[in-house]
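Step one of this worksheet: look at the structure below.
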Amino acid sequence: MAITRWFFSTNHKDIGTLYLVFGAWAGMVGTALSLLIRAELNQPGALLGDDQIYNVIVTAHAFVMIFFMVMPILIGGFGNWLVPLMIGAPHMAFPRMNNMSFWLLPPSFLLLLASSGVEAGAGTGWTVYPPLAGNLAHAGASVDLTIFSLHLAGVSSILGAINFITTTINMKPPALSQYQTPLFVWAVLITAVLLLLSLPVLAAGITMLLTDRNLNTTFFDPAGGGDPILYQHLFWFFGHPEVYILILPGFGIISHVVAYYAGKKEPFGYMGMVWAMMAIGLLGFIVWAHHMFTVGMDVDTRAYFTSATMIIAIPTGVKVFSWLATLHGGTIKWDTPMLWALGFIFLFTVGGLTGIVLSNSSLDIVLHDTYYVVAHFHYVLSMGAVFAIMAGFVHWFPLFTGFSLHDTWTKIHFGVMFIGVNLTFFPQHFLGLAGMPRRYSDYPDAYTLWNTVSSIGSLISLVAVIIFLFILWEAFASKRQVMSVELTMTNVEWLHGCPPPYHTFEEPAFVQVRSN
């Protein structure tokens with residue numbers, strides 16, 4: 001196995017594997033950072049000794065989990081592996097650009113780690129708001145390195161997005177209409193469009209911040225006629241679509257897993273599912289200022305952003321009820337991926353409900369920057385995106401490797417993880433309602449109980465991560481071959497066996513469309 005196979009690969013399966021391995025590794029780093037946060041907050045008083053270090057850890061935790069764990073795994077890993085197989089394409093539209101998209105990520109990660117190592121690190125929060133991110137509050141190269149890291153990750157995602165859009169539209173067999181492609185393909189396509197439209201705005205915002213810091217421009221400095229609120233608008237115009245970028249591929253995975261383990265040929269309401277994802281993608285761009293209810297916007301502006309945000313709950317509800325309808329009347333197989341998918345549906349819905357609470361601008365004035373917000377987005381990310389990743393991984397692991405995971409251990413892993421994340425994040429709702437603010441390393445002792453509970457939960461989640469590593473080792477050590485796969489006619493990615501040959505669909509796929 002020559003090293004060139006991995007460095008110079010143009011094979012969508014190899015690049016998908018690279019993304020999965022990189023994402024898993026980054027996930028370990030992000031988990032370690034989150035445990036440092038929970039260790040600091042386990043009891044009142046200082047552990048790390050310095051608020052700047054604490055904020056650097058919080059910032060790095062967010063960036064690592066978002067840009068180097070969730071996105072590479074969901075879009076780069078599952079997307080690269082499955083999209084060509086699902087539409088019958090021999091490879092991605094731009095195979096060498098695909099390779100570059102991946103290899104931009106390790107240098108980007110390196111720059112992010114470097115930013116923590118120089119000066120005092122970037123303790124700005126993942127939003128990197130000026131004036132805290134300006135050259136007075138953050139003198140030195142830390143924030144600049146973080147900005148360059150984001151630029152690289154952004155370029156990687158934009159190139160990947162171009163590739164996925166071109167592939168899904170252009171590389172299908174002529175007889176296959178876009179409305180006959182699987183839902184995961186749709187999810188990745190819509191995600192790619194969101195990336196393509198939102199990332200350039202982030203690039204503009206952080207480039208302006210870079211020049212404010214180094215070239216004496218005043219885009220965000222009132223002294224020169226600038227406005228720090230402009231940065232917030234630019235950042236959140238990217239930042240809100242970004243959270244839908246993180247969850248949409250997860251929606252696609254859950255649709256596949258639920259239909260498969262309910263024994264159904266297709267998910268309930270295919271067209272409704274597609275339109276719901278389109279609606280979520282569109283609405284995601286016109287609600288960004290709900291992150292800014294406390295900056296002093298007009299009451300009519302707040303009213304608009306409140307109602308627009310609530311509208312997103314409608315297509316999201318369409319998806320949740322369609323998943324439940326897919327389950328209805330099916331012969332349910334209680335395999336591990338199904339457990340993850342059911343956990344996803346329940347916990348994502350809980351996270352969505354707290355989101356509806358926060359969409360009310362009047363309530364958000366009180367809850368903004370408290371742990372209620374932290375609890376909300378960790379329910380949709382730590383139990384939405386991560387549960388979707390686990391569902392997809394356990395479901396498609398036999399396809400990726402040709403080996404099967406240990407049934408009992410994966411169920412134990414699910415149980416431990418389920419308890420861990422809920423114990424970690426459910427108490428944070430109480431802390432938020434009691435007024436505990438985010439991004440502080442210490443707190444009044446009235447908040448001790450729920451912080452301690454939360455930190456114990458994080459240790460349980462750590463045990464789950466270690467169990468997962470053991471499960472991976474066990475699967476590769478035992479080498480249990482995959483016997484047979486059911487429902488291959490409606491799950492075309494499995495048609496070539498486990499694992500599929502290095503090159504699939506070298507000759508164009510023959511597609512017959514049955515109208516029934």
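Each residue, glycine too, has its Cβ placed from N, Cα and C.
Annotated transmembrane segment per Swiss-Prot: 12-40, 51-86, 95-117, 141-170, 183-212, 228-261, 270-286, 299-327, 336-357, 371-400, 407-433, 447-478, in sequence order. What Swiss-Prot records for E40, G45, S441 is Na(+) binding site, and it gives similarity to another entry as the kind of evidence. The topological domain 'Mitochondrial intermembrane' feature in Swiss-Prot is assigned to 41-50, 118-140, 213-227, 287-298, 358-370, 434-446; the stated evidence is similarity to another entry. Annotation source Swiss-Prot lists Fe(II)-heme a binding site at H61, H378. The Cu cation binding site annotation in Swiss-Prot covers H240, H290, H291, and the record cites similarity to another entry as its basis. Positions annotated as Mg(2+) binding site by Swiss-Prot, on the basis of similarity to another entry: H368, D369. What Swiss-Prot lists as heme a3 binding site is H376.
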So, by DSSP, how many helix, strand and coil residues make up the topological domain 'Mitochondrial intermembrane' (213-227)?
5 helix, 0 strand, 10 coil
Please identify which of H290, H378 has the densest Cβ environment, defined as other Cβ atoms within 10 Å, among these binding-site residues.
H290
For S441 (Na(+) binding site), nearby residues of its own chain (Cβ under 8 Å, 6 or more apart in sequence):
E40, L41, A46, L47, L48, D51, Y54, N55
Spatial separation of D369 (Mg(2+) binding site) from H291 (Cu cation binding site) - C-alpha basis, Å:
10
Can you say which of 183-212, 299-327, 336-357, 407-433 has the most Cβ pairs under 8 Å with the transmembrane segment (51-86)?
183-212
Using the CB centroid of H240, H290, H291 as the Cu cation site centre, which other residues of the same chain sit with their CB within 8 A?
W236, G239, V287, W288, A289, M292, F305, T309
Between H290 (Cu cation binding site) and H368 (Mg(2+) binding site), how many Å separate their Cα atoms?
10
Against which stretches of its own chain does the topological domain 'Mitochondrial intermembrane' (118-140) lie, if we need a Cβ under 8 Å and a gap of at least six residues from its ends?
51-56, 58-60, 62-63, 66, 146-147, 206, 209, 212-214, 220-221, 228, 231-232, 235, 239, 439
For the topological domain 'Mitochondrial intermembrane' (434-446), the number of residues DSSP places in helix, strand and coil:
2 helix, 1 strand, 10 coil
